[in-house]
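Pulled from TrEMBL:
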SIGNAL    A:1-26  signal peptide
TRANSMEM  A:83-105  transmembrane segment
TRANSMEM  A:111-130  transmembrane segment
TRANSMEM  A:157-177  transmembrane segment
TRANSMEM  A:189-211  transmembrane segment
TRANSMEM  A:223-245  transmembrane segment
TRANSMEM  A:272-294  transmembrane segment
TRANSMEM  A:306-331  transmembrane segment
TRANSMEM  A:366-395  transmembrane segment
TRANSMEM  A:416-435  transmembrane segment
TRANSMEM  A:441-465  transmembrane segment
TRANSMEM  A:477-500  transmembrane segment
TRANSMEM  A:512-529  transmembrane segment
Amino acid sequence: MTRIPRLAATALFGTLALAGADAALAAGPALGDAAKSSINIHAISMFVAFVLLTLGITYWAAKRTRSAAHFYTAGGGITGLQNGLAIAGDYMSAATLLGLTAMVYTTGYDGYIYMIAFFVGWPIILFLMAERLRNLGRYTFADITSYRLDQGRVRTMAAVSSLTVVCFYLVAQMVGAGQLIKLLFGLDYVIALFIVGGLMMIYVTFGGMIATTWVQIIKAGMLLCGGTFAMLLAMSHFGFSYATVVTEATAVHKLGFKLFQPGALLADPVNAVSLGVGLMFGTAGLPHILMRFFTVSDAKAARKSVLYASAFVGYFFNVIFLMGLCAIVIVGTNPEFFENGQVGGRIIGGGNMVVMHLAKAVGGDLLLGFLAAVAFATILAVVSGLALAGASAISHDLYSRVIMKGKATEQTELRVSKIASIGLGLVAITLGILFERMNVAFMVGLAFGIAASANFPVLILSMYWRGLTTRGAVAGGYSGLVCAVVLVVLSKLVWVQVLGFATPIFPYDQPALFSMPLAFLVTIVVSKLDHSRAAAAEKAAFEDQYVRAQTGFGAAGATAH
Amino acid sequence: MNEAVYARIRANPKFVSLVERRGRLAWTLAAIVFVLFYALVLTIAFAPGVIGSRVAPGSTLSVGIAAGLFQFVFFWILTALYVRKANTDYDALTAEVVDDAVAADVAATREAATTAAPAAAAAVTPPRLREASGGARR
């Protein structure tokens, strides 16, 4: 029991882990000791209902998944609203619900800073990328980076960095999923991993993007409704008045009104800015998020997707903030939720359980069961999106374009992507078991760092800069990848917490502030120095690409269902 | 066919003006987001006391929460503004530019076909049509 608090900010809950850990981590040194709780009937029955519903949808989707376009992008037939919900479902992981509530509960304003940083990537994606992504891309973001460059080398690089991002993110989700399910449902860790991995394989292999999208939409709906309901019930204890919540919360919290002051976490300016850069641009380089832009019919719907997604995400972050504040009073003063009934001591189940305790306090076992089912559904939706993005990188980029040089038939490409989905599921389960007792916090930091350093710079330059050449893209992409990995290894998260050295060589938690500019610099310098004939042709090809990016003329259209 | 249409679009002054206007709006909005967000981050790093203070004496609202809530709302309004402008005005202009170019290209092709020998026209036309119908991809 003693080590659970670490769970949130580290293992699964993605992005929080980035720099996040300190607040939630103070309590324990390692993962893996999450105690099995008694079996929760409400939670399990609601989760079973969710699984049956999504399996029904998968069956329906499987009949519609006839072509590669259906498998990768749902045939481009998703509407802006549906895609907006799915993006929100893809983006808000269990970290959002559990980890951020816990962070507001313990450190107040720090939690709010994270939420703002997670949010601001969206307007930037809309203004600078959404339209061009849709107009240039088809199945993977490598379609865009390799548009006028050497297919083999650029796609290989994009696939390598995509798979790296996906694998690290998957492992972090899987380890967290196992721990969380053990806690919420009382199931064994390994059984939990097989359930998550197995369901993920079924959704992705049979239902492709259509099923994955609907799993994400349903989950987003559940999350938004459940969270809103819990927030309203909690706020009713305070007469729906923000002033009352704050007055009571600051009266009982040990920080008092300092609850609203930034904590030590972001005291270092370099760390604070690096975190901002990592979260903002990491989001814009995550393959499973980018892929969602290819599921809509045109640029218009792509823009609408961001409008809806950012509304849902922004709204929900503020719901979470209110829940965290209410929990300070409702959970934080109730002996029922503390070990041995000692208020101010250790919270039963660990810091991440704050929102679950809040649900129980204001809505009884039924709401607790519902939120627990939502948390499980959330993990399923996120890992499915990740697996689909990874499978596309393998089948569309590596197999079809690099190995077969575009000569593979659609049927074999589809078969490869299904085999890849199953392979990724097995890899995720295996790694989840191997890493059960390890601090996997660094993996999420690494995933965001790589996304911001290897994917984002090449992607944005390919869309905006005529002078980009194959040599520049490949050199820049790989140097961003290597630099991000090395800096994370040398940072506290790995160098000290995993490898056991006394002091970190790289003093910051998030590498993006250094690795992302390096990737830009290398890409630009190498491109400038590249005077080959191929480079000249690549630069010349920018003109037509530019017109297509701006107008959508010649873009991959929606296919009939 | 695509290449010819791209060249026509590029030569259209309406296209140049479309790209300029939409680009200016997008970069202005992005700059606003960058500046406000990093200003908040730097204030958090360098003046945490300001962030934690109350907006007015006795108020329960702190400066940091007010600033954060403002960013959520304001940035979302900016996205709504951009989507509205791009999905109506700019998309209408885009459609116009593309339609003009395609129409001009079709007319030019037909003209070339009628002036050239019938045999040559037959040799030229089918591949172009094929390309046009399957031309969703490069």
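Glycine too: its Cβ is placed from the backbone N, Cα and C atoms.
Within its own chain, the transmembrane segment (A:272-294) has Cβ neighbours under 8 Å at 15, 18-19, 72-73, 76, 83, 86-87, 90-91, 114, 117-118, 120-122, 124-125, 129-130, 133-134, 137-141, 162, 165-166, 169, 266, 302, 305, 385-386, 388-390, 392-393, 445, 447-456, 459-460, 508-514, 516, 556, counting only residues six or more beyond its boundaries.
Counting Cβ pairs closer than 8 Å and at least 6 residues apart in sequence, the transmembrane segment (A:157-177) and the transmembrane segment (A:111-130) reach fewer than three and form no contact.
By the Cβ criterion (under 8 Å, sequence separation of 6 or more), the transmembrane segment (A:189-211) is in contact with the transmembrane segment (A:416-435), since 3+ such pairs are found. Within the chain, the transmembrane segment (A:416-435) has long-range Cβ neighbours (under 8 A, six or more residues past its boundaries) at 68, 71-72, 166-167, 170-171, 174-175, 177-178, 190, 193-194, 197-198, 200-201, 204-205, 383, 387-388, 390-392, 394-396, 399-400, 408.
Two recorded stretches are said to be in contact when at least 3 C-beta pairs lie under 8 angstroms, sequence spacing 6 or more; the transmembrane segment (A:83-105) and the transmembrane segment (A:366-395) meet this definition. When each of A:111-130, A:223-245, A:477-500, A:512-529 is scored by its Cβ pairs under 8 Å to the transmembrane segment (A:366-395), the top-ranked stretch turns out to be A:223-245. In this chain, the transmembrane segment (A:477-500) lies apart from the transmembrane segment (A:223-245): fewer than three C-beta pairs between them fall below 8 angstroms, excluding pairs fewer than 6 positions apart.
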